[in-house]
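Report on the structure given below.
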Amino acid sequence: MEVGTRREQPLGRRWREIAGNNDFHWQKVAMAVGVAPATSVARQKMTTTTYEEDERAAATFWHRRQEDLRHWRLSKRRYTQKTEMDEEVLDKAVYLYLKKKGFTQTEQIFQQEQQNKNNKNSTSSISATDVSLSDPDLAKQILAFSQSESIPTLYHDGYSKLRSWTYSSLDLYKHELLRVLYPVFIHCFMDLIAKGHLQEARAFFNTFREDHEMMHSRDLTKLEGVLSPSHLEEMEFAHTLRQSKVNIKICQYSYDLLLQYLHKTQSITMLGIINEHIDFQVSPGQPSSISDDAEAFSLVGSGQDAANLINQKEIHWGLLEDCLEDRLDKAGGLLSDSEKTEGEGKEGELDENKKKSTEGGKQGGPLKKLKKDKVVGGAGKAARGEGEKSTAAPRVKPELTLPTISTDVEHSILEDLRNRVQLNNSTLPSVSFYTFINTHNGLNCSSISHDGSLVAGGFSDSSLKVWDMAKLGRMGSSVLQGENDENTHGSNSGKRSYTLYQGHSGPVYSASFSPFGDFLLSSSSDSTIRLWSTKLNANVVCYKGHNYPVWDVQFSPLGHYFASASHDRTARIWSMDRIQPLRILAGHLSDVDCVQWHMNCNYVATGSSDKTVRLWDVQTGECIRIFIGHRSMILSLAMSPDGRYMASGDEDGTIMMWDVSNGRCVTPLVGHTSCVWSLAFSCEGSLLASGSADSTVKLWDVNTSVKTPKTEDSKSGNTNRLRSLKTLPTKSTPVYALRFSRRNLLFAAGALSTNV
């Protein structure tokens, strides 16, 4: 006991020396050992305590201090370990996220920074984890996103909340915000499939499918066949969606509303999908109108950068050197002298008539007629001036060996060009409509010759029938009979009003007359193309090369060469004298549904079910333009006479006008309510005619759209820059084919339907 007392004595004296007579120091000691506040009275009480109480109080304080110190060191060690563990978990989460999303370059940089940090053991190296730790909210969001990838319910709940918020938005901005739902919907579904949550993905798809059935029914039908993660890679449509982004036009305020919602709800899953698969084109000012949805939403094919790079290639879109228009100009120079002579003669006759009229002769009628002829002549000259402006296109050299044109044919074409009626927004064309009856839904296609004298129809029974309008007129009938005619074989049969061509072993899907009407091409589901002679009424050549049905075939503007489009996702260039294709144009991701030649024969355009239009160089077989913007399969194409513009029509009824020189869309044309099956430019290029399954023919003003700058349209609020001039309805006849003759008479053809 004494030993213990002796050991404690120095400690007690030490505390008394520290305290001394200073009230401040004594107050600190008294408070430290848990005594009452250190006043002078408290100090008196402490000094009167016994020696043993003083020693015990000091010892107790010392042990408590040592215990607090140990607790503090242990807590610090645990905090450091926890921080290091959180840092490791966060590093791992960031690394897995970068690896999963395929951000290879960022992943390598991140690994290099982590190695530098571990090797140098220095805080100077800054990594992505350091930045995340400086912001606890960001770290929580990254960890939450990493964990959410394994929770299917987050996709369902996140999309459901986004959908509810969108539909409850203000009407002024709702239609813009609704554009976001479809891409988020399809990527939520495909993400669930990719993660192996097949049942949850199917339930999600069936729950929200109805929201997008009207606008995207074909896409949904294709996605319905995705039943396993392997299908996402095997099915090209799904693979393209996964690798592509959607361009959505939206105003600044709608964009801000969407960001505020995502930030407020902390919808990390929805934010990740939107950030990865949607590109917003934010514009200032008021939101666009609902009618602009066709061009406000576009699916960018795999590799938009690659498409932009392709569209930078050089293209010569002008007309051929020494074309018929140039020859007409030269001939017009010669005719001007004769016109002057005729004018002088008419002026002389006019002077004589004036003299006779003053003498009391009855020359009022002829005088008025001469005045009328003079006015008509002036109008013709003015119209010819407009035609010269429309053909003021650059001249290019042909890349193919062009066929020679006989003198008689050339004179006939020049005569038609001289007598051409110049059309504009105030002078609309006359229309001649050929109606097929009693086809029993067996008519698949129709074609009209360049002068309108011959009309061909391809049928499901593998037959091809050609009507001669001159013979039909002499027979006193204006009806094109279809399949149910009971006619004997042979072109000279008196009972039959048409010529029957038989040779295909499957439905005929396309027909095309040569520019001069002496040949006819047809394509069929039997994967062949047949060349027929309209003079011999016989099959001349059968071209084999495609592996699947051939949907479309078109002669070049000068004949001899032709192009075909097939279900095998290729288009092919042919010549009449070779049974094998000259070029195979491959690049589309789905069926090539239609094909159209450029006016200078150096390029071919193809429309596909992959919702894109491509322009190909005939000489090299290289794709030089990709036109992206349609939301459904392309069914029809047309080239302007000067070769500068191209029109394309799709299954939804939308027509888009493209500038071939840069690959950009000039304007969309919205008006049809069903498939656009045929398009045709007038000969001077001022009008565009469109024929649709909605049983109407529409005429559009092309010159207004080309001349009006986009800035003026945006200021005036005019979003449909291409003006619809007139709509020509039929009773119940979907329009299969359109053709402007060389004299600018519009021909149309279709089959009378009782289902429309």
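Numbering starts at 1 and runs along the chain as it is shown here.
Keep in mind that glycine also has a Cβ here, set from the backbone N, Cα and C atoms.
As recorded in TrEMBL, the features of this protein are as follows:
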type	residues	note
DOMAIN	152-278	domain 'TFIID subunit TAF5 NTD2'
REGION	334-398	region 'Disordered'
COMPBIAS	337-359	compositional bias 'Basic and acidic residues'
REGION	478-497	region 'Disordered'
REPEAT	501-533	repeat 'WD'
REPEAT	543-584	repeat 'WD'
REPEAT	585-626	repeat 'WD'
REPEAT	627-668	repeat 'WD'
REPEAT	669-710	repeat 'WD'
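Residues 400, 402-403, 405, 506, 509-516, 519, 521-531, 590-597, 599, 601, 604, 606-608, 616, 618, 621 of the same chain lie 6+ residues outside the repeat 'WD' (543-584) yet bring a C-beta within less than 8 angstroms of a C-beta in it. Broken down by DSSP into helix, strand and coil, the repeat 'WD' (543-584) contains 0 helix, 22 strand, 20 coil. With a threshold of 8 Å between CB atoms, the same-chain residues lying at least 6 positions outside the repeat 'WD' (501-533) that come near it are 409, 444-451, 453-454, 456-466, 539-544, 546-555, 557-559, 562, 564, 566, 574, 576.
If you take every residue in the repeat 'WD' (669-710) and average the pLDDT, you get 85.
For the repeat 'WD' (501-533), the number of residues in each DSSP class (helix H, G, I; strand E, B; coil) is 0 helix, 20 strand, 13 coil.
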